[in-house]
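Among the features that TrEMBL reports, active site, proton acceptor is placed at A:Asp353. What TrEMBL lists as active site, schiff-base intermediate with substrate is A:Tyr441. The domain 'Copper amine oxidase N2-terminal' annotation in TrEMBL covers A:59-138. The domain 'Copper amine oxidase N3-terminal' annotation in TrEMBL covers A:150-249. According to TrEMBL, the domain 'Copper amine oxidase catalytic' annotation covers A:276-690. Under the heading 2',4',5'-topaquinone, TrEMBL lists A:Tyr441. The signal peptide annotation in TrEMBL covers A:1-21.
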2 protein chains.
Amino acid sequence: MMEKPFCIIFIIISIIVFIFAHSRNLHENISQCSNTKRAHRNTNLRSTSTFNFKDTPLHPLDPLTVPEINKIRSILEGYEPFSSSFPSINTLSLEEPYKNQVVGWKKGDPLPPRRASVTAFLDGRTHVLMVDLNLGIVIDDVVNVGSGYPMLTAKDLATALHVIYSDLEFKKSILARRLDFNDVTCAPLSPGWFGPDEEGKRIVKLQCYLSQNNPNFWMRPIEGLIVTVDVDKQEVVKVTDTSQDIPVPDETNTDYRYATQSQFPDMTPKTNPMSMEQLKGPSFTVENGHTVKWANWVFHLKPDIRAGMIISQVMVQAENREYRSVMYKGFASELFVPYMDPDPSWYFKSYMDAGEYGLGATAMALVELNDCPRYSYYMDGVFASADGRPYIQPNMICIFERYAGDIGWRHSEIPAMGFNIRESRPKVTLVARMAASIGNYDYIFDWEFQTDGLICIKVGLSGMLMVKATPYENLYNISDIKDMTGTLVSENRIGVVHDHYISFHLDMDIDGPNNSFAEVNLVKQETLPSQSPRKSYLKARRKVAKTEDDAKIKLKLYDPSEFHVFNPTKSSRFGNPTGYKIVPSGTAASLLDRDDPPQTRAAFTNNQIWVTPYNKSEQWAGGLLVSQSKGEDTLAVWSARNREIENKDIVLWYTLGFHHIPCQEDFPIMPMVSSSFELKPVNFFDRNPILNAKPTFQKDLPECFAASSY
Amino acid sequence: MMEKPFCIIFIIISIIVFIFAHSRNLHENISQCSNTKRAHRNTNLRSTSTFNFKDTPLHPLDPLTVPEINKIRSILEGYEPFSSSFPSINTLSLEEPYKNQVVGWKKGDPLPPRRASVTAFLDGRTHVLMVDLNLGIVIDDVVNVGSGYPMLTAKDLATALHVIYSDLEFKKSILARRLDFNDVTCAPLSPGWFGPDEEGKRIVKLQCYLSQNNPNFWMRPIEGLIVTVDVDKQEVVKVTDTSQDIPVPDETNTDYRYATQSQFPDMTPKTNPMSMEQLKGPSFTVENGHTVKWANWVFHLKPDIRAGMIISQVMVQAENREYRSVMYKGFASELFVPYMDPDPSWYFKSYMDAGEYGLGATAMALVELNDCPRYSYYMDGVFASADGRPYIQPNMICIFERYAGDIGWRHSEIPAMGFNIRESRPKVTLVARMAASIGNYDYIFDWEFQTDGLICIKVGLSGMLMVKATPYENLYNISDIKDMTGTLVSENRIGVVHDHYISFHLDMDIDGPNNSFAEVNLVKQETLPSQSPRKSYLKARRKVAKTEDDAKIKLKLYDPSEFHVFNPTKSSRFGNPTGYKIVPSGTAASLLDRDDPPQTRAAFTNNQIWVTPYNKSEQWAGGLLVSQSKGEDTLAVWSARNREIENKDIVLWYTLGFHHIPCQEDFPIMPMVSSSFELKPVNFFDRNPILNAKPTFQKDLPECFAASSY
């Protein structure tokens with residue numbers, strides 16, 4: 001979940017920020033950028049300008065530019081329904097052209113009409129607008145009549161925080177707990193949806209913490225105090241104040257900043273510095289700010305306020321060097337995080353981070369040399385704030401080449417065999433990375449491309465646990481440990497059990513738009529006594545999915561399958577259809593009741609794999625308007641129609657899951673835990689595409705010295 | 001499986017080798033070593049001698065040395081039962097002292113009595129001997145009365161190959177197929193066990209290939225020709241010759257050597273050289289040749305003829321820098337590879353590579369800069385050959401530090417929150433690696449240690465497919481594709497479906513020998529309508545295993561658990577027992593009939609997780625004497641006794657599995673595919689052990705230049 005708590009002392013600042021900051025954002029951020037890029041030039045970073053965002057779009061999929069966002073704002077200002085008062089702009093991003101316009105576009109062609117998709121909120125109504133920049137008008141305006149609200153804006157959250165500090169009941173609760181008002185930091189949490197009580201108004205629920213001189217307020221919850229705020233009426237709806245007898249955990253050992261760690265010098269595991277060095281610089285280029293070319297790959301990469309990163313038009317070279325289409329579009333569509341505690345102050349914690357807060361909106365600047373290695377290229381995000389003005393998210397995405405000492409392929413023959421063979425090839429890959437800091441949690445998203453045609457999509461989890469305060473310092477004085485909803489991770493703190501589910505939208509276009517989905521099932525065959533000394537063996541049975549229901553997959557260890565997306569009209573010279581398979585690895589499945597409100601809203605977790613026919617409007621697995629939605633607009637609802645998916649333009653969906661039972665090692669900040677899945681060529685290439693990759697020779701390696709000049 | 005085929009032209013050489021080579025082995029290999037190590041010194045490799053094996057053992061677990069092996073041979077020569085004729089020595093390795101002797105031993109103490117465990121074969125009888133080096137006598141000699149034979153020796157395989165070339169029926173078959181005798185290379189395959197026909201004699205089955213000027217004979221099978229040889233009687237038992245009408249696939253595009261790849265220069269994906277540079281050199285040391293110290297870790301590492309690598313006495317530092325025990329011993333215990341084809345020439349292909357061929361015996365010298373990065377430390381293996389003489393397997397294991405641009409932990413706060421925080425730590429790990437070239441397949445074993453206390457055990461697969469020849473060049477002219485037992489991966493070749501299962505022996509000793517095993521199951525809880533707006537949530541239910549049956553685990557995605565090995569007598573100050581959990585990732589389960597002979601012999605694949613009470617004799621999951629065994633001595637048999645395992649010295653077993661449906665990309669050599677599992681601290685540390693790890697600063701990084709001096 002995402003929180004933007006403010007200390008009282010920052011309330012005023014934050015208000016000022018909201019009134020004046022936007023015009024300054026741009027300048028501030030640009031200067032940040034140029035500093036960053038200056039650092040890069042020292043490390044042969046190929047940065048094409050002093051900052052990595054453009055004023056002119058050069059590709060049909062390029063994100064909206066600063067001038068374009070300004071133009072959209074003025075168009076909306078002139079739009080009649082908004083003439084009396086300007087709405088809050090919750091999301092504003094490029095309305096991508098139709099696929100055929102994008103695929104048909106060639107470098108040098110004029111761009112298809114530039115359009116923006118906008119969700120705006122005014123007088124209790126959500127407008128879903130389409131703005132045409134060329135025509136300079138609003139060409140579509142649909143007012144939402146169903147459930148759900150657009151993404152919360154920073155302004156919404158600031159409002160909520162502002163309101164409570166002037167609320168008497170809240171004040172009373174803080175004083176009743178003998179806490180200093182100035183030490184309180186609150187986190188505005190999305191409320192989910194739990195029936196009619198809280199319908200018809202946009203609300204957030206605030207959870208508060210103690211934070212004096214301590215950045216890790218997350219470890220110091222004021223347990224049981226939840227304030228519900230109507231962000232439009234700007235009033236407190238309800239104050240829930242239980243567990244007043246539970247003290248706030250103290251701050252000992254909670255700080256994680258390097259500057260404060262000198263107190264335990266002995267504890268640090270010491271290792272010498274290491275660096276991935278690239279004497280000739282990186283092998284990739286970023287053309288026009290967004291088109292990444294590396295080895296046998298080319299793809300379009302852009303920041304997105306909601307998905308974080310969007311990877312488009314992914315193509316890989318075949319033997320004849322011709323680029324072949326693999327995927328039209330891939331991105332993280334939704335992120336569901338249900339906590340496992342039914343208490344009044346915990347039950348609602350079932351976040352839909354992408355749709356409620358935005359993976360891009362929360363992706364802060366990456367830390368050079370630590371989040372990303374040397375020689376990384378950094379890409380900035382250009383977004384719109386609540387008042388429709390542009391701002392820059394600097395260094396939001398990094399791109400780097402990766403060499404981890406791994407092997408691409410190898411073989412040795414034993415000398416006695418008559419062939420003295422020692423062949424091995426190092427593995428070098430390309431990674432695109434971002435990190436969304438959604439309140440306490442940090443989600444690291446990696447898209448890794450291999451020269452053998454494999455794409456590995458990885459999600460890493462770090463940051464802080466969401467902890468529940470308890471009066472107990474250790475388990476010995478807890479009467480019924482069975483009642484605990486998590487692990488006692490340190491004095492007076494329970495790390496509450498929770499799950500994480502990330503739904504990936506993977507619009508595969510293997511050698512063209514029309515593909516099919518096949519489940520290649522390994523089935524046990526029994527032999528006849530006369531047939532063979534073997535009693536059993538496995539055989540691969542290929543079944544092509546006709547409709548969506550055929551492709552709703554729950555993974556089974558004892559009924560194993562491969563899952564292929566393939567082009568039924570294109571085969572290799574051996575007659576195998578060209579395809580890619582999705583290769584799951586460690587994952588988790590949601591066990592919540594299908595009719596539990598959070599599960600209904602995040603019904604994309606009902607299966608690990610789904611396949612839908614391409615539909616421009618079906619991008620967000622939890623729905624377009626997720627906040628407080630009832631789940632009428634989810635992947636599960638769309639695919640209940642059981643549409644045909646054979647030899648059609650299809651979209652593959654994968655749900656990556658984590659169960660998280662916290663442990664002491666997660667305190668006060670969690671070592672990274674990660675999981676991944678792969679998109680892997682299967683009979684796509686006629687043979688091993690890295691057969692003749694070059695080995696590394698001693699002469700290729702650099703001589704390195706201490707960088708005294710720095 | 002492992003094969004050592006010889007062309008006829010090499011038969012004579014191989015015989016000579018067997019008569020004269022052993023005395024020269026040592027010299028040859030030492031010189032190989034010193035060359036290698038010279039290369040290392042150029043790259044600040046801390047090699048403590050010109051070669052990395054010792055004449056004197058310095059630790060109770062150090063492998064047998066060259067003088068010790070020579071002494072054992074002379075002891076055996078003087079041993080009465082062998083006085084008339086010296087047996088073949090199938091395995092000869094250190095009989096490790098009792099655990100308490102090893103754990104109690106301190107640097108400077110005299111070593112416990114040095115003993116060797118020997119399996120020897122003479123006059124149709126398998127002797128399992130124990131030799132005491134200090135007493136200079138054989139102290140134990142058990143003649144096997146059950147099924148099974150010891151590991152095949154190079155001499156056994158050479159014999160088999162020698163015999164067939166003088167066999168008329170074999171000659172006839174080759175000529176009938178109009179093949180040139182000099183172009184034939186054969187692979188001696190282990191026969192498995194399939195009933196009484198082939199009992200009472202040690203046999204191998206030879207599969208032959210065409211190999212003129214072509215190192216990749218694996219892609220050119222002479223289909224249907226299988227020769228069964230009695231390696232002791234040195235006679236051909238049976239020649240199976242079917243499918244004579246199937247031509248041998250030609251050699252086009254099968255060569256994978258770099259020297260021959262110039263014909264496709266355009267195809268190579270180009271990337272600039274990369275190198276993991278360590279200005280101050282690696283952070284690890286290898287004391288006395290086998291004790292590895294790095295960051296907060298220390299462990300003993302040694303090559304083993306059967307397991308490949310054995311990692312012992314793994315300890316990690318806690319906050320007070322005291323070393324705490326995590327694992328007494330970990331290694332790959334067995335490797336099962338069943339092929340899925342019931343044909344006369346394929347049904348028996350169900351290899352038990354560790355016990356039949358040896359992961360160490362087949363681990364060739366690693367390729368510097370390609371199998372392992374710069375700054376790697378290389379360890380040599382010291383083994384005994386069939387005549388009991390020592391030989392060196394140079395550069396068999398490499399150890400290196402790994403930096404892949406990954407993140408150890410990180411967190412950002414959004415500036416508006418009032419804390420401007422950007423904290424991130426790079427992840428550096430230590431890897432111990434070896435690669436077993438078991439005939440066509442290469443298995444890469446990685447043990448990766450992280451500073452956060454996590455151990456990741458990874459197995460990578462590369463090398464060549466075992467292919468079946470077919471008359472068809474593509475699927476269009478195959479009448480019934482459903483009859484195929486695999487994929488047509490190139491002209492006239494079917495990549496036959498198969499599985500790989502690796503059983504890991506993990507003798508966990510968390511803070512001492514006596515541990516327990518707990519399954520922490522996540523169970524759905526239903527709420528009462530009045531209780532909460534939430535309908536359901538998950539709760540962790542901890543169940544401690546009393547006996548072996550409680551710990552026979554089949555993984556279930558929809559009934560998820562964590563699996564903890566913990567010390568029931570030691571808790572953190574919060575009252576949580578100190579433990580480690582085993583974290584599976586992608587894996588596969590065997591679906592073969594329980595009573596199919598291969599499955600009976602590899603019954604360790606019946607579960608993914610097993611826990612047994614420690615028993616010095618229970619090391620090899622498929623049994624001590626695996627060749628042609630009936631499966632009377634497997635993990636499944638031992639644990640059928642359902643012994644008590646609570647608060648005892650217990651051993652954790654994990655089965656890592658792969659289903660492999662080949663594809664075109666696997667031809668002619670397979671890009672690496674890998675899978676892994678983790679041993680992860682759970683309430684072992686009081687908090688995040690890398691909380692105060694140091695970030696990387698610009699000043700830590702080197703300046704690098706072209707190494708013109710090389």
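Placement of Cβ uses the backbone N, Cα and C atoms for every residue, glycine included.
Remember, TrEMBL labels are computer predictions, not curated facts.
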Using DSSP, break the domain 'Copper amine oxidase N2-terminal' (A:59-138) down into helix, strand and coil residues and give each count.
21 helix, 26 strand, 33 coil
Measure from the Cβ of A:Tyr441 (active site, schiff-base intermediate with substrate) and count the other Cβ atoms within 10 Å, all protein chains considered.
26
So, by DSSP, how many helix, strand and coil residues make up the domain 'Copper amine oxidase N3-terminal' (A:150-249)?
30 helix, 31 strand, 39 coil
Number of other Cβ atoms within 10 Å of the Cβ of A:Asp353 (active site, proton acceptor) across all protein chains:
29
Rounded to a whole angstrom, what is the C-alpha distance between the residue listed as 'active site, schiff-base intermediate with substrate' and A:Asp353 (active site, proton acceptor)?
11
Collapsed DSSP category at the residue listed as 'active site, schiff-base intermediate with substrate':
strand
